[in-house]
Amino acid sequence: MGLEKSLILLPLLVLVFGWVQPSLGKETSAQKFERQHMDSTGSSSSPTYCNQMMKRRNMTQGYCKPVNTFVHKPLANVQAVCSQKNVTCKNGNSNCYKSHSALPITDCRLKGNSKYPNCDYQTNQLQKHIIVACEGSPFVPVHFDASV
């Protein structure tokens, strides 16, 4: 009798772990935003900042992400942008918000002659307003739309 129960339970456990396990390693849109765009430790004047950060934040795996922006403020400051000026996103959606003030950012752009796996980025330190798309409950940034 015990063997019959274990033969029934084993396939059920396999099914449950098959459903649960993939979701455990999947990051949310908000977590992805934080990984790709937040660096509150402050900007670096190093010309290799973008090369280091793009690699460290897994944006050079399989291909070189062409453009990325890092914001050098605490996450709470960037989350607060979601309650600031509502603007239209580049894709036409209406869930974008523009910061009231310019923020310290680093703009990373793939150099023209750079090819995977040797991703080489131009690092530019700037002070600009940011535009982010926000979603969810709590309402948080999920996409970096632009800097202006």
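Keep in mind that glycine also has a Cβ here, set from the backbone N, Cα and C atoms.
As given in Swiss-Prot:
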SIGNAL    1-25  signal peptide
BINDING   LYS32, ARG35, LYS65, PRO66, VAL67, ASN68, THR69, LYS90, ARG109  substrate binding site
ACT_SITE  HIS37  active site, proton acceptor
DISULFID  CYS50-CYS108  disulfide bond
CARBOHYD  ASN58  N-linked glycosylation site
DISULFID  CYS64-CYS119  disulfide bond
DISULFID  CYS82-CYS134  disulfide bond
CARBOHYD  ASN86  N-linked glycosylation site
DISULFID  CYS89-CYS96  disulfide bond
ACT_SITE  HIS143  active site, proton donor
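Swiss-Prot feature annotations superimposed on the structure.
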residue: LYS32; record: substrate binding site; contacts (Cβ under 8 Å, 6+ apart): VAL142
residue: HIS37; record: active site, proton acceptor; contacts (Cβ under 8 Å, 6+ apart): ASN68, THR69, PHE70, VAL71, VAL78, PRO141, PHE144
residue: ASN58; record: N-linked glycosylation site; contacts (Cβ under 8 Å, 6+ apart): ARG35
residue: LYS65; record: substrate binding site; contacts (Cβ under 8 Å, 6+ apart): MET54, MET59, LEU110, CYS119
residue: VAL67; record: substrate binding site; contacts (Cβ under 8 Å, 6+ apart): ASP107, CYS108, ARG109, LEU110
residue: CYS89; record: disulfide bond; contacts (Cβ under 8 Å, 6+ apart): ASN95, CYS96, ILE131, ALA133, HIS143, ASP145
residue: CYS134; record: disulfide bond; contacts (Cβ under 8 Å, 6+ apart): VAL81, CYS82, ASN95, CYS96, TYR97, VAL140, PRO141, VAL142
Between ARG109, HIS143, which of the recorded positions has its C-beta surrounded by the fewest other C-beta atoms within 10 Å?
ARG109
Longest CA-CA distance among LYS32, ARG35, LYS65, PRO66, VAL67, ASN68, THR69, LYS90, ARG109, per record bound to substrate, angstrom
22
Would you count the other CB atoms within 10 A of the CB of CYS50 (disulfide bond), including those on all shown protein chains?
25
Of all the disulfide-bonded residues given, CYS64, CYS119, which residue's CB has the most CB neighbours within 10 A?
CYS119
List the Cα distance (Å, whole number) between ASN86 (N-linked glycosylation site) and CYS50 (disulfide bond).
29
Expressed to the nearest Å, what is the distance separating CYS50 (disulfide bond) and CYS64 (disulfide bond) at their Cα atoms?
12
One finds that other Cβ atoms within 10 Å of the Cβ of CYS82 (disulfide bond) number exactly 20
